[in-house]
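The next block holds one structure in the form of structure tokens; read it before the comments.
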Amino acid sequence: MGTNRINKDRRKFFQTSAALIGGTLAFSIIKPLELLAQSKNEVAKDEKTEQPLWGMGVDIEKCIGCGKCVEACKLENNVPREPFYFRTWIEQYTVKKDGDVKIESPNGGIGGLKQSVPDEDIFKSFMVPKLCNHCTDAPCVQACPVGATYISPDGVVLVDETYCIGCSYCIQACPYGARFMNPVTKVADKCTFCYHRISKGLEPACVEVCPTDARIFGNLRDKKSDLVAFMQKHPTEVLKRHLNTSPRVFYNGLSSEVR
Amino acid sequence: MQEHFQHLYEALSQVDGYIYPNEIDLHWGLMIVLYPYITGLVAGAFILASLERVFHVKVLKPTYGLALLTALAFLLVATLPLVSHLQHPFRSYEIFMTPNSTSAMAIFGFVYLWYLMVVLLLEIWFDYRRDFVIWSKSSKGFKKFFYKIITLGINETDEKSAKLDDRLGYFITVIGIPSAFLLHGYVGFIFGSIKANPWWSTVLMPIIFLFSAMVSGIALVMLVYMVVSWVRQVKIDMKCLDTIAKYLLVILIIDFTLESLDQIHRIYEAEESFDIIKVLVSGKLNITLFLMQIGIGTIIPLLVLGLFQFYKPSEKIRKIIYFIIGAFVLIGIFFMRWNVVIGGQLFSKSLSGFTSFNTVYSGMEGSIMGAVWLILPLFILTFLLWLMPPWKKVEFHN
Amino acid sequence: MPKIIFRLLLSFIAFVTLFVLIRQFVIPDSFGKYGHYRANSIDDNKARPLFYKGEKKCIECHQDIYDLQSADVHSEISCETCHPPIINATSDCKLNIPELKGTIEFCAQCHTKNAAREAIGFPNIDIEEHKGNKNCIECHNPHAPWELTE
């Protein structure tokens, strides 16, 4: 009698566990298939509407180093105020008559850059705004172990804040120093071309506030955009060309001292 | 967070020249120094064990089991410094769930898993399986329970099964050698593949890491063997120790040659980054590179071990000197990792300035945590030696 | 097949199956839709709050100032360059008046003497020498700098 009951219980246990395992297995086989079917539809939809390809032009011949873009960027994107976190910053290069190059960017240029070299020693001086270059072959995206940073279909390098594990490998991989570890969210942070603005038809905050129009934002695929006109009119160059990252931020008037 | 800012303000005041503003924070600290260090010890210890198994270097027999268990103890800890350095450690499972195929770090996860599960655990298992069965009959309590489970219900102890164990174990070791090379070569690739950093980006990086790993692993096993023999009050097999020292010398020569080659290549090509690297090496890294890595870690061991090939002092003196040399080599390799990881972040990618490294003691990335990760494997090793002492194995084959 | 290999293979298969199973449940839904990332993250990035409204929004109420500004050298400058929104003043600048900063340091941000500004012909002056005892706005209207007051 007793053994019989145990056997029954046992059988029941096996039945339930078999059902559970079977169900899980079946579900896990169906799930990826579901995903496949879905993704096909999505791609088809996207192909119809022509995606923009966002890029930026920076005109060194217009930048006055007022730092408005840096301030606006910090405000718009909730970047911590401390002087170690920048999505964009301005560098002032001063080439001295003796050939030395002095580069400065106190607090990223917030509050306006001030010339620290006496006039009589200066050979030439210019301002270089820096930001994420939104590389076509982005080393940071290549390095991210989990797929938490990526190039969006419209060509912007973005970070998935809910997925980033905070390993800093992308920061090491970025040749431009454009990434930082956000001390509040504890994930990698960087310029997004103000993705929340451009997707609503607005300009990035830095472009919006630039008093001299030294930054030109636009769609590289739109042959009538200001950006394309800027690139046609000026000889443009990208930063660290030798690294072959194919940036989508183009500089006019880039001097060889800039690194 | 305020403490962190305070720390950064201090670093900001020590900036020399120009660095990108985001570079003031050194993103990879002590934990990332420990990670290749510990992984290197694993690979090195394993390769030493394989020498005995695959290449039939019979003199090394007394260290075979020790080397394997040392490798296992350190391998279990190898990823922990990495995880403790993550800003979101609880998301670390994502590396296995959605590995990015182009990321060196993601693929490392699988290389690690392969090495742990398929190579090291299996090799140890094949080596011990028969003993587990025998021991399960003679022991009590936890040990008995553990031995029972670990045998996977296979109770054969006859000659045939032992032969099979041996054959399979040999097969795994043969797979294991390239795997150990892969494991640590891959760690080098994590750094060597970063083209943004001229101090790291060299094709020689994986192979330099590999040979320095072998150096450190061999030195570690040498020390472990001496300490364990001393604790067990058994006589050290001097022939074995001399042979280990000879291998240490050979690998050290190769390692030093490779590293010199890398530097000579750098100096001769004198690319864009050379100016800043020159200042880095002669300034910020002079103590850790010239004194610790090259002086204590390489030149002194080379000279002493080289001398021993021609002139052998008495056993007692040799033992003491081997112990000191082993410790020197371990220190040297630690600073080699340090110079790569920290050194590579001290200069700006703008190639025109330096930031500085300030030691932190507390926190997940502090020195205390670092010490924990270095000491923990020794405890694990002690536990493993208690659980499955290689000297209590029942000899079967010749 | 020897029992030992069979058992090990079984453990191995069990391990891999478990791994694959867990993987199915843990991967976020939209992962891999466009590439090796969570597609929904694009929407997360789009959904961030917006602070700078853009010039058009300001003109809705301040057409007069815009007209004044358009006629002078500051015509290119957007309103929010000098009047940045206060955090959370996202919808209504009557509730939260956009920030205004002090004047001399504020004008100096753009106009203080700097060789780089000189090089591109941007009006830059030695503020200390130029201002005397006065504040900039005592003579210049910031919206129309060359409409000098007495």
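Each position is counted from 1, following the chain as shown.
Glycine is no exception: its Cβ is also placed from the backbone N, Cα and C atoms.
In TrEMBL, annotation is done automatically, which means it is predicted and not curated.
If you look up TrEMBL, you'll see B:28-51 (among others) marked as transmembrane segment. A Cβ distance under 8 Å defines the sequence-distant neighbours of the transmembrane segment (B:28-51), meaning residues of its chain 6+ beyond its ends; these are 57, 60, 63-64, 67-68, 70-71, 74-75, 77-79, 81-82, 84-85, 115, 119-120, 173, 176-177, 180-181, 183-184, 187-188, 190-191, 209-210, 212-221, 244, 247, 333-334, 337-338, 340-342, 345, 357, 359-360, 364-367, 369-370, 373-374, 377.
According to TrEMBL, the feature transmembrane segment maps to B:63-83 (among others). Tertiary proximity for the transmembrane segment (B:63-83) is limited to same-chain residues at least six positions away from its ends with a CB under 8 Å from its CB atoms, namely 31-32, 34-35, 38-39, 41-43, 45-46, 48-49, 52-53, 89, 92, 112, 115-116, 120-121, 123-124, 127, 217, 220-222, 224-225, 228, 240, 244, 370, 373, 376-378, 380-381, 384-385, 388, 390-391, 393.
Taken from TrEMBL, the feature transmembrane segment covers B:103-126 (among others). Sequence-remote contacts of a segment are chain residues at least 6 beyond its ends whose Cβ falls under 8 Å from one of its Cβ atoms, and for the transmembrane segment (B:103-126) they are 42, 46, 68-69, 71-72, 75-76, 78-79, 95-96, 150, 165-166, 168-169, 172-173, 175-176, 179-180, 182-183, 186-187, 189-190, 193.
Using a Cβ-Cβ cut-off under 8 Å and counting only residues 6 or more beyond its ends in the same chain, the transmembrane segment (B:168-191) has close neighbours at 35-36, 39-40, 42-44, 46-47, 49-50, 53-54, 104-105, 107-108, 111-112, 114-115, 118-120, 122-123, 126-127, 197, 200, 205-210, 213, 340-341, 344. The transmembrane segment annotation in TrEMBL covers B:168-191 (among others).
Annotated transmembrane segment per TrEMBL: B:203-228 (among others), in sequence order.
Same-chain residues lying 6 or more positions outside the transmembrane segment (B:287-308) and placing a CB less than 8 Å from one of its CB atoms are 242, 245-246, 248-249, 252-253, 255-256, 281, 318, 321, 325, 328-329, 331-333, 335-336, 338-339, 342-343. The transmembrane segment annotation in TrEMBL covers B:287-308 (among others).
Beyond its flanks by at least six residues, the transmembrane segment (B:320-347) meets 23, 26-29, 32-34, 36-37, 40, 191, 197, 199-200, 212, 215-216, 219-220, 222-223, 226, 241, 245, 248, 252, 259, 276-277, 279-280, 284-285, 288-289, 292-294, 296-298, 300-301, 304-305, 308, 313, 353-357 of its own chain at Cβ-Cβ distances under 8 Å. Taken from TrEMBL, the feature transmembrane segment covers B:320-347 (among others).
Positions annotated as transmembrane segment by TrEMBL: B:367-388 (among others).
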